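So the structure is just underneath, and the comments pick up after that.
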Amino acid sequence: MSYDQIEVPDDGEKITVDEETGELSVPDNPIIPIIHGDGIGTDVGPAAQKVLDAAAEATGRSVSWMRVYAGSSARDKYDENLPEDTVSAIRNHRVAIKGPLTTPVGAGFRSLNVALRKKLDLYANVRPTYHLDGVPSPVKNPSAMDMVTFRENTEDVYAGIEWEAGTDEVQKVKEFVEEEMGADGVIHDGPVGIGIKPITEFGTKRLVREAIEYALENDRPSVTLVHKGNIMKFTEGAFRDWGYELAEEEFGDVTITEDELWEEYDGERPEDKVVVKDRIADNMLQQLLTRTADYDVIATMNLNGDYMSDAAGAQIGGLGIAPGANFGEGLCLAEPVHGSAPKYAGEDKVNPTAMILSGRLMFEYMGWKDAGKLIRDAVEKTISDGDVTYDLERQIEGGNKLATSEYADKVVENIKELA
């Protein structure tokens, strides 16, 4: 397939998906689209590429990078923020990585990141949260945190179905709710903004399916459904019920509930079973601190997932090192959690760890777990040796402050040493 402004490498092969099984077929020299991103993306993007190339080479593979464009780079080439070229290239090549994007005022949508996820139907936002030795943390035992959050990406109050106070539309909704749905007196008089919170069986089950499959493939002992169903019974309560239903329908032979764990197995989990349990969202935020090691894979809705993953990230050193990815049906778009920080753009000083570890998550999605392990080990060795960027150096006694590019070079050096 040809594109308007995108050059497809001659020396790589496409990742494909088996239509019957849904499994990826990944060559040893895949073409992977990359969006460097806005602001500090121009620094962390190339730094991550360098590290990912080294890990691929060390495990007998190579990556053929294909530059695609969104944000400021797309405006330069296409005079628009998110060209169809980019969406098509990612969809056709299945696996991609992007840096942070800034959504300009008047862009036509609230968020470039959200728009890209919606166009590709990337329904699961996946956030691994684990501590790297040497990274300062505000908690006493940060290494207890080793959790992966699956956050539903397309529904909930983030669906964007809302109406501004003072508009004709919001008045119609208010009247309908009060007069037709029997909620008279619930909404206070005066200006009001109203939003709708859709939670569907379809959206819930495909997210929980992804979370359980991840747990099974990665030897994770439990999946926890996080919800506020004690209050929002027909939305978040339905999420809980549909989650358990999916586990029983599709994974009944390899999952057990928490009740079954205690009633049938006296609290001892069989090695071939994943425990599916649920927690109320506010209690779960406490348990992240008080019972950290009890949780492995989290499956939750959009808003809860936003809170949960950021709170968990704080326990292991902050969002500057937090990786992420978005999964769809045979699609993966990896991205760091942090923003574009335009005031540091081009200064070669920011921490590229989140982008590097997002690439690690992408490699694992592709089945390159050996390369992924090498990246984590090399990053951890680099940081524990005190070779860090300015944000960590000021928190580490005796740290050696490195530029973005120098830090990437040091990680590459450690990859070669560890391989």
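Placement of Cβ uses the backbone N, Cα and C atoms for every residue, glycine included.
Listed features, source Swiss-Prot:
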{"type": "BINDING", "residues": "T102, H338, G339, S340, A341, P342, K343, Y344, N351, Y390, R394", "note": "NADP(+) binding site"}
{"type": "BINDING", "residues": "S111, N113, R117, R127, R151", "note": "D-threo-isocitrate binding site"}
{"type": "BINDING", "residues": "D306", "note": "Mg(2+) binding site"}
{"type": "SITE", "residues": "Y158", "note": "site 'Critical for catalysis'"}
{"type": "SITE", "residues": "K228", "note": "site 'Critical for catalysis'"}
C-alpha spacing of S111 (D-threo-isocitrate binding site) relative to A341 (NADP(+) binding site), in angstrom: 16
Length of the line joining the Cα atoms of R127 (D-threo-isocitrate binding site) and the residue listed as 'Mg(2+) binding site', in Å: 10
Reduced DSSP assignment, R127 (D-threo-isocitrate binding site): strand
Rounded distance in angstrom between the Cα atoms of T102 (NADP(+) binding site) and R151 (D-threo-isocitrate binding site): 22
Fewest other Cβ within 10 angstroms of its own Cβ, chosen from the recorded positions R117, R127, R151, K228, K343: K343
Alpha-carbon spacing, K228 (site 'Critical for catalysis') to R151 (D-threo-isocitrate binding site), which is rounded to whole Å: 14
Surrounding CB atoms that lie within 10 Å of the CB of Y158 (site 'Critical for catalysis'), all protein chains: 20
Which same-chain residues, if any, lie at least 6 apart from the residue listed as 'Mg(2+) binding site' yet have Cβ under 8 Å of it: R151, Y158
Rounded Cα-Cα span from G339 (NADP(+) binding site) to N113 (D-threo-isocitrate binding site), Å: 11
